[in-house]
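Q: Swiss-Prot lists 12-18, 40-42, 307, 333-335, 415-417 with the feature GTP binding site, giving sequence analysis as the kind of evidence. According to Swiss-Prot, the feature Mg(2+) binding site maps to 13, 40. Residues or ranges marked as IMP binding site in Swiss-Prot (evidence: sequence analysis): 13, 14, 15, 16, 38, 39, 40, 41, 132, 146, 226, 241, 305. Among the features that Swiss-Prot reports, active site, proton acceptor is placed at 13, with the record citing sequence analysis. For 41, the entry in Swiss-Prot reads active site, proton donor. Per Swiss-Prot, the feature substrate binding site maps to 301, 302, 303, 304, 305, 306, 307.
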């Protein structure tokens, strides 16, 4: 039996929600290990849709233990609001079913404000990153700068007050420089103390809980957010998120050693999408992109922003397979390609007259890439709802097999519609 890490292999929005939902039913423990409430996904259970941003997917299933690891940045007010929203849908999230790592860094209102100040200023100069304005980046900055307020500090008012002083020394200097009013010590203390009693019952030593679960033979699912190409180191920097999104972060962001990670499953869309700014070599800013966006309902769960759409980029996904150590992929949204006469796949790039087989790290080089395409025959029959290989058109099977060859990883799960039952299981990631 293997523990499973789920990661996105593109720029996020690959359809992790459905796959994580399917896996979480089989897991005993579900862990969030990076990101914040900036990346959402929708779970559909018994016809009811649940939209989650911060909470692990295990919370909507009874009998599962859900954990928020130290690699997450934690907005306490968003946490309380999400729990209340689920309560309105009949889901009870309690300290028995959910634990938050005591050493998790907090997102405060001043982080959200700084995020917005910077994006507004960058918009005026044409240099914006396209963040969700939820304070994720500034919160990670404070964590790395060793001035973050962490969940455990809510239990110690004296230490909390000193840490707020230190935090405000930094932030008020920034706010003055950006031409904005300072924040008072009293305002931040009130913001934190007003919610402390609702947060502290959930706080625990997540690393110890995970080690006990591992020793007991529990099945652990590590739930990643965003995608590999948004990784702070391995993504299309600077148009990335502020955390490591690759599979290696599952260990760092939870406190369980890397040897406990078994199967790495890369969620991979059958075409490519991206939200916000940044390079996108296979983008189709034309009727093909419109078709993919409309057929695939490509709008963000959290922001509602329209996603940019393009052809499958085998070069980029192959690189993700390597940087994550993927054991296999879950290929999603194959049905969106139904009815297309021909389908293109990027198999290389042309950069300044030379052919390359990797995504360069340089921002300038990324902007100058010309994709090299291979054109495949499409299929007229539908793949939607297929649950076994024999249900698929021959050309769709060829497309899937060719992707496996190009990226160097097998398809473990093939998703053929948003419905959780509509999938072809080739390999159960939890089985050794």
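Here, residue 1 is simply the first one shown, and the rest follow in order.
Any Cβ shown, glycine's included, is placed from N, Cα and C.
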Q: What's the longest C-alpha separation between any two of 13, 14, 15, 16, 38, 39, 40, 41, 132, 146, 226, 241, 305, the listed IMP-binding residues, in angstrom?
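A: It comes out at 35 Å between the most distant Cα atoms.
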Q: If you count Cβ atoms within 10 Å of the Cβ of residue 18 (GTP binding site), leaving out that atom itself, what do you get?
A: 24
Q: Tell me the Cα distance separating residue 307 (substrate binding site) from residue 416 (GTP binding site), rounded to the nearest angstrom.
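A: A Cα-Cα distance of 20 Å.
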Q: Based on DSSP, name the secondary structure state of residue 307 (substrate binding site): helix, strand or coil.
A: coil
Q: Between residue 306 (substrate binding site) and the residue listed as 'active site, proton donor', how many Å separate their Cα atoms?
A: 15
Q: List the recorded positions among 38, 41, 132, 305, 307 whose C-alpha is within 10 Å of the C-alpha of residue 18 (GTP binding site), in sequence order, or say none.
A: 41
Q: Nearest by CA distance to the residue listed as 'active site, proton donor': which of the binding-site residues is it, out of 12, 15, 334?
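A: Nearest by Cα distance to the residue listed as 'active site, proton donor': 15.
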Q: For residue 15 (GTP binding site), name the DSSP secondary structure in the helix/strand/coil scheme.
A: coil
Q: What three-state class does DSSP give residue 40 (Mg(2+) binding site)?
A: coil
Q: So among 13, 38, 226, 304, 307, all listed as binding-site residues, which is physically nearest to residue 334 (GTP binding site)? Use the C-alpha atoms.
A: 13
Q: Hey, of the recorded positions listed (41, 306, 307), which one tops the CB count within 10 A?
A: 41
